[in-house]
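K.L.:
Quick one: the structure is below, and I'll ask about it shortly.
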Amino acid sequence: MAAPGRRGAALFQAVLGVWQLGPVAGREWATRLTLSLGFQRKCVSCVAGAASPGPLLASASRRYGQSSALDRFLGLCQPDSSLTPGVPAVPVHKDEQDLLLVHHPDMPENPRVLRVVLLGAPNAGKSTLSNQLLGRKVFPVSKKVHTTRCRALGVITEKEAQVILLDTPGLISPIKQKRHHLELSLLEDPWKSMESADLVVVLVDVSDKWTRNQLSPQVLQCLTQFSQVPSILVMNKVDCLKQKSVLLELTAALTDGVVNGKKLKMRQAFSSQLGTHCPSPAAKGPNTQSVGRPQRTGWPHFQEIFMLSALSQEDVKTLKQYLLAQARPGPWEFHSGVLTSQTPEEICTNMIREKLLEHLPQEVPYNVQQKTVVWEEGPSGELVIVQKLLVPKESHVRILIGPKGHLISQIAQEVGRDLMNIFLCDVQLRLSVKLLQ
C-alpha cells in the first residue's frame, strides 16, 4: 500500500492530468486513478478496536451507490435513485476534499448565491438546523453547550442557486469565555462571520422558558453593529410547546412588536402550525419603531419570521426554499460537489467529541484531548481510523472506557455509523483511552 502522502500527491497529479487531457482522455486517466485508489464501498459495524459484520448497517453500495465525490467531480458518476438528490458525500481523503474546494465552480448560466450566518445563544439548535438544511449530518450536535467550537461552513446547491451556511458557535460574553477558559474562537468567530454575510438567521429556542422571552445581549449587540445586514427570526423547537398560543407573545417580545417596519397587533393571525412561515406584514414605512421600552429585548428589524422544529425535515423545507429564493445574482463560490469546508479528519474529530459530550458526565468530556494517529485505507478497502483519547485523571479513564469496555465500544459504533453516512463508505474506527502525561 502506498503511503498516504505519496498517494495524495499521485491523486493531485492525476486529476491535474484529467483537467489538461480533456473529457475522453480524462475518463481513461480517471479509470486508472480509481483502480489505483482501490477504494471499495461495503459496510461494517464499527466497534472499538475491530470491525465486525452486524445488522446495524445496511450495505453502503446498496443504499448509496458507488459514486464518490471525485466521480461526481469528474462527471463519471452513475445515476442512483436511492441517493438523496443533490446532496453530495464528503470525500474521505483530504487531498480529494482540497481539490473540490479549489476547483472552479460548475455554475450554470445565471448563478445566484447567498451567504447566511446562523446566530443564537449556545444550544439553540444551530447545528441541528444546519444539518437538516444540508441534507446530511456534517456538524456535531449535542444537548450540552459549546459543541460547535469554531466557524464551520456548509454549502447547499440546487439548480442555479448556492446558499453558503456559516454555522457559528453560540454567542457568549467575554466574562464567560474567561471564566470557563473557553477558546477565543467561541468569542470571535460569530463576529467575523457577520462581515461577509448577506443574511442573518437568528435562532431562538422557544422551549427554554428562562431565555425565550428576549434575545441575548450578545445577539442584540451583533445585530446592532451589523444592522445593514438583513435578518430573519427562526423560532425553534416549537414542537416542545404545549400551548402554541405562547408563540404570539414570544413573537411580540422578540421583535419589539415590529416586523419589517410594521407594528404588530396581537389579534393578527400568525399561524401556530409547525413549520409555518409567518409572512411579514406589509411595511408602512422604514422608520417605524417600537416605543415604551427603556431597554431593548428584541430586534425590530426582522424581515420574516419562521416557526419550526429543526428536527423535522418538512418544517425545515419551508425555510430552505426561502433561503434559496433569497439568493442574489452572482458567481458561485464552490463546486456543486462541495458539502462542507471541513476536512474529513475535522469531521471525524467533531463527531467523536459529540458522542463524548452525549455520554460523559459534567465536565469530563471538556477535558478530553483527541489525537488522530491513523487515517488510511485498510486491506479490504475500508477507511481505518485510529484516534487516541487523552484524559487528565485516572478516574476519567475508567469512566470513558466503561464497564467491560462497553461505553467506548458504544461510542465507536455510533460515530462509525455517522461517518459511514457522511463518507458513504466502510469505516473501521478504533478508539483508545490514555492518561495524559
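FYI, residue positions are counted from 1 along the chain as it appears here.
Cβ from N, Cα, C; glycine included.
TrEMBL feature annotations, pasted as is:
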type   : residues : note
SIGNAL : 1-26     : signal peptide
DOMAIN : 112-330  : domain 'Era-type G'
REGION : 120-127  : region 'G1'
REGION : 146-150  : region 'G2'
REGION : 167-170  : region 'G3'
REGION : 236-239  : region 'G4'
REGION : 274-293  : region 'Disordered'
K.L.:
From the DSSP assignment alone, can you count helix, strand and coil residues within the region 'G1' (120-127)?
P.N.:
2 helix, 1 strand, 5 coil
K.L.:
Could you give the mean pLDDT over the domain 'Era-type G' (112-330), rounded to a whole number?
P.N.:
78
K.L.:
Within the region 'G4' (236-239), count helix residues (DSSP H, G, I), strand residues (E, B) and coil residues, in that order.
P.N.:
2 helix, 1 strand, 1 coil
